[in-house]
């Protein structure tokens, strides 16, 4: 998938769960690449979608908007979770209250377990 230099998007299937791993910066310049990647994955009608922001270095307001729009678009038809840790990603998601809109996880392992309906040990 072609993307601007300041973002990387990797799509993988983890036993039926679509995982988008994002790296770099999510801003006005890279937003279209992220929206395109999410659109392609959602078009395949996955049962669950995890967006992994572990390698994101900057999460602008447009990225928060994309996450909220994705959650709204897929509704209850697709289980949805976001991996965010650290102040770059987790803090803005929490401050905007988006952690009440979609499930937020600290690790990919927890996200995969969570969207599959499993128990997450803390």
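Positions of Cβ are set from backbone N, Cα and C atoms, glycine also.
Pulled from Swiss-Prot, these are the features on record:
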type	residues	note
DOMAIN	7-115	domain 'STAS'
MOD_RES	61	phosphoserine
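Within 10 Å of the C-beta of residue 61 (phosphoserine) we count 12 further C-beta atoms, all protein chains included. For the domain 'STAS' (7-115), the DSSP-based tally of helix, strand and coil residues reads 44 helix, 38 strand, 27 coil. Computed over the domain 'STAS' (7-115), the whole-number mean pLDDT of the model equals 95.
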